């Protein structure tokens with residue numbers, strides 16, 4: 001084997017989250033966050049397909065939606081019905097804990113907008129990191145009406161970590177609306 005990584009990998013295609021109510025989540029991500037709905041489908045496979053392919057109960061069913069978030073991110077949402085389903089969201093400190101970070105031009109303005117949205121809970125006030133590898137990063141977490149955590153972030157180019165490595169993090173250009181319909 002030569003090199004590192006998955007042979008032929010060219011990009012991250014999507015991230016996926018399981019939600020308690022697909023309709024509510026799609027509405028939230030399209031109306032509040034600004035995503036675009038690409039498609040929906042229902043997965044109701046016969047036999048042991050769900051177990052073999054998705055490692056869930058064989059009798060599970062799923063409603064699925066794929067959304068586009070800005071110029072480079074696809075977001076897949078699942079609503080499962082399964083007899084052995086756990087119905088508690090992991091905290092960020094739990095194994096499997098997660099959050100989705102959205103780069104915004106103005107964290108304070110975005111947080112204020114979210115505070116006005118029904119059911120959204122902004123977790124404290126935005127703050128700026130003043131030292132370390134990401135000094136200059138301004139951020140705040142928020143929770144959706146069903147409790148999924150997301151983050152607003154603005155990490156300017158030229159962060160201190162860039163002095164130590166050739167690795168550069170993706171830096172968005174323009175607004176999401178600049179990329180509507182782009183592939």
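Here the Cβ of each residue, glycine as well, is placed from N, Cα and C on the backbone.
Within 10 Å of the Cβ of residue 14 (divalent metal cation binding site) there are 14 other Cβ atoms, across all protein chains. Among the features that Swiss-Prot reports, divalent metal cation binding site is placed at 14, 76, 99, 151.
Annotation comment: Swiss-Prot describes 11-155 as domain 'VOC'. For the domain 'VOC' (11-155), the mean pLDDT of the prediction comes to 94.
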- Task: Please list residues from the chain of residue 151 (divalent metal cation binding site) whose Cβ is under 8 angstroms from its Cβ, counting only those at least six apart in sequence.
- Result: 99, 100, 101, 102, 139, 140, 141, 142
- For the domain 'VOC' (11-155), the DSSP helix/strand/coil residue counts are 27 helix, 54 strand, 64 coil
